[in-house]
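Undergrad: First, the structure itself, so that you have it in front of you.
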Amino acid sequence: MSTQVSSNQSGNLMNLSAVVITSIGVLSSFLTIFMNIYFIKKITKTRNKMILFFYRIFLDVAYGAIACSYMAFCILYSYFTDRFKEQQVFIVYLGFPLQTTAAIRMTIAVAISIERVLAVFTPITFHNYRHLCPTVIVLILAISLGTLENLVLFQSCTLNLSNIPKNCGVLRCAVDACFFSYWASDRSAMFALNFIFSGLLSIKLIFFNKPQHGNGHKEHSKINHLALLDAANVFLCDFLPTSTSNYVTQFKFTSFENVGPYIFVIKLIGIAIETCLIYWILRKRTIKTSIVTPLQR
């Protein structure tokens with residue numbers, strides 16, 4: 001979640017530095033959207049074993065679009081607080097879909113890590129029984145868990161849209177401690193699962209992976225690399241900023257007034273960089289395929 005607002009009532013909620021940082025997040029979201037739309041156009045050429053990655057690509061497009069709208073509104077509300085006081089509830093209306101999409105994406109990332117571990121450690125069993133768990137079930141489960149966050153807020157916690165502080169420009173200060181506690185616990189569990197399975201996959205690939213050849217092995221190798229790339233992005237650009245946010249915000253320099261919703265910005269930058277690396281990996285494979293195939297003929 002974003003850091004809580006800490007600013008003067010008489011001035012803007014964001015300084016110029018915060019606006020610049022938030023704008024970087026907006027630009028990153030645009031890059032993510034356009035790059036992933038390119039991937040979506042290629043989906044018909046992709047094997048079924050990569051469908052979980054393309055679920056995540058669709059989610060990245062949605063996340064980028066919502067994040068762009070959310071951060072643009074944060075900037076507008078910061079500089080035109082009185083003019084947009086009636087629209088302040090959009091902090092919640094945009095913030096919650098953003099958090100829900102992030103939760104769904106995290107669940108898909110965990111599913112990818114689990115699938116890769118099963119494929120690497122038990123390849124024969126995985127090949128024989130993978131069809132018993134269609135990927136659409138994973139998607140439905142991810143959407144259900146993401147939606148559960150909203151149910152917790154409205155059923156178990158308190159949300160009073162009319163009592164949001166005037167100087168609140170992000171979602172965290174618009175919800176109560178009840179929801180934030182649940183959100184932190186839920187994210188911690190998902191982070192732990194992702195780290196465990198990604199760690200197992202890394203150990204297997206680094207220390208116990210036997211060199212093999214063939215198109216099938218190259219395909220699996222590419223998918224494993226994408227899974228590890230996604231896990232690294234989650235750790236560096238999601239887990240670290242989120243877990244240290246309570247300590248970082250104790251300093252005036254890192255307040256919302258100076259750095260804006262930096263957690264969202266870091267996450268968006270990470271997704272944009274990951275998207276570019278995925279493009280490089282997929283393009284590298286396409287180039288190799290186009291060169292080798294004519295020679296094989």
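These residue numbers are counts, starting from 1, taken along the chain as shown.
Backbone N, Cα and C define each Cβ position, glycine as well.
As annotated by TrEMBL, transmembrane segment applies to 16-40, 52-78, 90-112, 132-153, 189-207, 223-242, 262-282.
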Undergrad: For the transmembrane segment (189-207) and the transmembrane segment (262-282), does the number of C-beta pairs under 8 Å, pairs 6 or more apart in sequence, reach 3 or more?
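TA: Touching, no - the transmembrane segment (189-207) and the transmembrane segment (262-282) miss the threshold of 3 or more Cβ pairs under 8 Å.
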Undergrad: Which bits of the chain, at least 6 residues beyond where the transmembrane segment (16-40) starts or stops, bring a Cβ under 8 A of a Cβ in it?
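TA: Result: 54, 57-58, 60-61, 63-65, 67-68, 71-72, 74-75, 78, 256-262, 264-265, 268-269, 271-272, 275-276, 278-279, 282.
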Undergrad: With an 8 Å cut-off on Cβ pairs and a sequence gap of 6 or more, do the transmembrane segment (132-153) and the transmembrane segment (52-78) reach 3 or more such pairs?
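TA: Between the transmembrane segment (132-153) and the transmembrane segment (52-78), contact is present.
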Undergrad: Residues of the same chain, at least six outside the transmembrane segment (262-282), with any C-beta under 8 angstroms of its C-beta?
TA: 1-3, 21-22, 24-25, 28-29, 31-32, 35-36, 38-39, 42, 60, 63-64, 67, 70-71, 98, 102, 222, 225-226, 229-230, 233, 236-238, 241-242, 245, 254
Undergrad: Let me spell it out: take the transmembrane segment (223-242), skip the flanking residues so only those 6+ beyond its ends count, and list any with a Cβ under 8 Å from a Cβ in it.
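TA: For the transmembrane segment (223-242), the far contacts come to 1, 49-50, 53, 56, 106, 109, 112-113, 116, 119-120, 187, 191, 194-195, 198, 201-202, 205, 262-263, 266-267, 269-271, 273-274, 277-278, 281.
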